[in-house]
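Now, the feature entries from TrEMBL:
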type: DOMAIN; residues: 19-118; note: domain 'Immunoglobulin'
type: DOMAIN; residues: 125-225; note: domain 'Immunoglobulin'
type: DOMAIN; residues: 232-331; note: domain 'Immunoglobulin'
type: SIGNAL; residues: 1-17; note: signal peptide
Amino acid sequence: MWDILLLFSSICSVVVGAPVAVTGHSGGRADIRCTYQSGYESNPKYLCKGECNIVNTVIMVKSGSPAEDQRFSLSDDRTARVFTVTITDLRTEDEGQYWCGVESTGTDVYSEILLLVKQVGGGAPVIVTGYRGERFDIRCTYESGYESNPKYLCKGACNIGNKVIVVKSGSPAEDQRFSLSDNTTARVFTVTITDLRLEDEGQYWCGVERSLSADVYSEILLLVKMVVVGAPVKVTGHTGERADIRCTYESGYESNPKYLCKGACNFGNKVIVVKSGSPAEDQRFSLSDNTTARVFTITITELRPADEGQYWCGVKRTGTDVYSEILLLVKQEPSYFSTTETNPQSSSITVSDQNKSTDAVSEIYICVED
């Protein structure tokens with residue numbers, strides 16, 4: 001019977017007051033103040049995280065001994081009857097439920113703390129859009145007084161466990177496409193990204209470093225798009241036959257290189273099957289450019305089922321290349337033309353480029369050669 005009472009006493013606890021919410025900022029310092037009643041001045045004090053029961057007692061710091069995590073420390077003002085737990089370099093994983101505990105004979109006395117950890121942000125996220133292959137500038141404003149503070153751009157969650165700084169003032173970036181300049185007069189630092197890539201898309205943080213408190217952040221959501229002219233166009237060919245893909249382009253691009261790209265056609269997966277000025281690795285593919293008509297034509301001979309898929313007519317430019325999307329279908333059913341013809345039938349597709357200010361137009365011509 002005494003064993004049961006003793007166990008019950010150790011499991012139960014005395015909770016004083018309602019839960020208190022404490023808010024801190026990532027990278028900053030948080031002080032958790034815990035008051036206690038007269039008579040407990042010499043009793044040991046501690047901070048416990050989580051449920052804090054006999055099965056799961058995670059004591060973060062206790063009076064009279066250093067904490068395992070040295071970011072936590074405890075001081076006790078016995079005159080004011082307040083002990084303070086200080087957490088430095090606050091992290092998102094520090095967020096959660098805590099208990100201020102005072103050891104006593106029998107049952108310890110607890111008061112509940114709910115710690116919230118926030119990023120030091122500058123308002124709502126800013127959504128910006130850039131185009132693949134182009135240069136893009138991310139402009140980050142900051143307040144007066146931070147002119148001489150280091151600035152940086154961080155990608156992803158940007159917390160203590162996952163702080164990926166892509167570029168920082170005063171030192172070159174590992175990826176040389178990123179650079180940072182700081183206009184201290186206008187209080188704006190600019191991160192420039194050249195040769196923008198699809199994998200650059202994502203969440204970023206403009207950061208201003210502070211020595212005695214949390215860094216200041218403003219959130220950026222970067223979207224990276226391709227310059228695509230017109231809607232996707234489907235062209236159908238038949239196994240063993242020939243297909244001509246005709247791609248038109250605007251005036252001024254006559255001397256620009258042209259190519260046909262298969263698949264996603266992004267930086268990490270750019271499969272160019274044929275390009276003007278050089279023979280294709282697969283000799284079934286060839287490219288000719290009629291600069292007078294501003295049409296380049298890709299010819300595919302001996303169509304195969306493996307040729308089916310997504311393609312892009314590409315015109316190379318100094319900034320972003322211009323693309324027109326092609327969906328090539330290869331069917332097995334026989335042609336309706338006589339098999340005694342000397343020349344094979346051809347399927348031909350023409351994709352018309354146009355100014356961005358006008359609606360997308362695509363023209364399809366199905367041709368049969370004698």
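In case you wondered, yes, glycine gets a Cβ from its N, Cα and C as well.
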Counting by DSSP secondary structure, give me helix, strand and coil numbers for the domain 'Immunoglobulin' (232-331).
3 helix, 59 strand, 38 coil
Which whole-number mean pLDDT does the model give the domain 'Immunoglobulin' (19-118)?
91
